[in-house]
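One structure is given below, encoded as structure tokens.
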Amino acid sequence: MNHSKKVLNVFSLVMINVIAVDSLRTLPISAKLGFSLVFYYIFAALTFFIPVALVAAELATAYPNTGGIYVWVREAFGRRAGFITIWLQWIYNVVWYPTMLAFIAATLSYLIAPHLGNNKFYLLGTALTLFWVFTFLNCFGMKLSSIVSIIGASIGTLLPMIVIIVLGAVWIFQDRPVAVNYPTTWLPDFSSLGNLSLFSAVLFGLIGMEMSAVHAEEVKNPQRDYPKALFYSALLIISTLSLGSLAIVIVVPNDSLSVVSGLVDAYAIFFNSYNMPWMTSVIAVLIILGGLSGVSAWIIGPTKGLLVSARDGSLPALFSRVNKYGSPVAILLTQGVIFTVLSTVFILLDSINAAYWVLSDLSAQMALLVYIMMFAAAIKLRYSKPEQPRGYTIPGGNLVMSLISGIGIICCIAAMIVGFIPPSQIPIKNVFLFECFLIGGLILFVFIPWLFAKKHDEQLCSEE
């Protein structure tokens with residue numbers, strides 16, 4: 001191990017984690033939980049967020065190769081399992097894109113005509129336009145630098161996050177009126193499973209720590225500093241997401257809270273009350289710039305793992321090719337077609353909130369499957385490849401690793417189960433269409449990679 005490359009201190013790793021995980025898009029949907037969101041975030045941190053970070057740190061330092069989860073699962077369970085995992089990681093991002101672009105479109109509407117934020121045709125048209133523009137730019141190798149993306153994430157995510165937390169704190173200290181139709185309890189209502197459905201959205205809002213885990217080996221003293229950085233990261237991320245969501249809770253009535261435009265609605269209420277309505281537009285511009293600076297990376301990023309898998313032979317040869325700009329055009333265009341079809345859910349379902357939730361839920365379901373595979377791989381590799389050098393190792397031996405990974409697996413399965421139940425907080429009139437879209441999408445997107453992987457294995461056997 002080259003110690004000259006160990007350049008990250010605890011603070012650096014904490015900031016990498018915060019930028020990777022913190023998201024404004026999560027705040028409105030978390031706010032739907034009312035004050036009980038604090039319980040959800042603390043519970044999610046203990047049963048999912050921290051286990052993911054610990055397990056990913058060990059795996060990333062044991063297998064620092066490019067490929068991440070794909071490599072980890074492949075080493076544990078073989079190429080077919082690795083391909084299914086990287087496919088799911090790609091497709092859940094594709095399903096997630098419409099929600100993120102709808103969020104940007106709703107924020108953009110505040111600069112044009114605020115009422116458009118509740119117009120499903122405007123959201124659909126804007127999301128499709130933005131996605132295809134950035135897809136074609138990526139096809140020609142036109143990307144923003146990582147520095148620009150980091151700056152955009154900072155001013156477009158962290159700054160607005162801090163602003164809404166400060167506004168919420170000032171509002172409370174000034175004893176201003178608080179929205180009262182939220183549950184006043186800090187504990188969830190366990191009387192109905194529908195009240196727990198949004199837990200999968202809370203978990204989905206906390207994904208991303210495995211991407212920053214690749215930096216664990218660059219920490220000066222991994223065994224000492226990585227757990228310390230993890231503790232501070234978890235504290236900061238859970239605090240910012242909880243407090244940001246609570247700021248929305250105290251000013252936007254639950255019945256009128258949009259999970260798409262709810263964040264900007266909250267800013268508008270705050271700034272209008274302080275006779276600073278122009279500040280809503282300033283914040284909206286920051287959010288849009290931050291979002292757009294990341295769109296290019298979101299579109300091209302997940303295709304890289306799929307390209308590696310395609311070159312392994314797990315997909316038709318067409319998907320393993322790149323153009324003269326180094327862009328996987330076939331994957332990008334396929335991604336665009338799937339995005340376009342999925343985006344029509346904004347028209348098919350009865351409300352924007354319902355459409356936004358079903359896409360978020362389907363994304364979360366597939367993401368949780370990926371994490372189940374990651375946890376299972378961590379346990380398997382401890383027993384099958386104990387001799388593999390690890391820059392960071394979860395202390396306590398195989399028993400503690402199995403316990404931590406087991407808690408993560410149980411948490412993911414529980415969240416998936418309640419995710420199939422329509423949430424009490426988001427009325428869904430056409431429950432049949434909701435269930436068909438969710439179950440059908442899950443079956444389709446899991447069956448396709450299994451089919452490709454099975455066909456590839458059969459070809460290998462026939463060649464041998």
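Placement of Cβ uses the backbone N, Cα and C atoms for every residue, glycine included.
According to Swiss-Prot, the feature transmembrane segment maps to residues 7-27, out of the candidate ranges 7-27, 259-279.
The stretches the transmembrane segment (7-27) and the transmembrane segment (121-141) are not in mutual contact, being linked by fewer than three Cβ pairs under 8 Å (pairs 6 or more apart in sequence). When the stretches 37-57, 94-114, 121-141, 231-251, 329-349 are ranked by Cβ pairs under 8 Å to the transmembrane segment (359-379), first place goes to 94-114. When each of 153-173, 282-302, 432-452 is scored by its Cβ pairs under 8 Å to the transmembrane segment (231-251), the top-ranked stretch turns out to be 153-173. Between the transmembrane segment (121-141) and the stretches 37-57, 153-173, 329-349, 432-452, it is 329-349 that has the most C-beta pairs under 8 angstroms.
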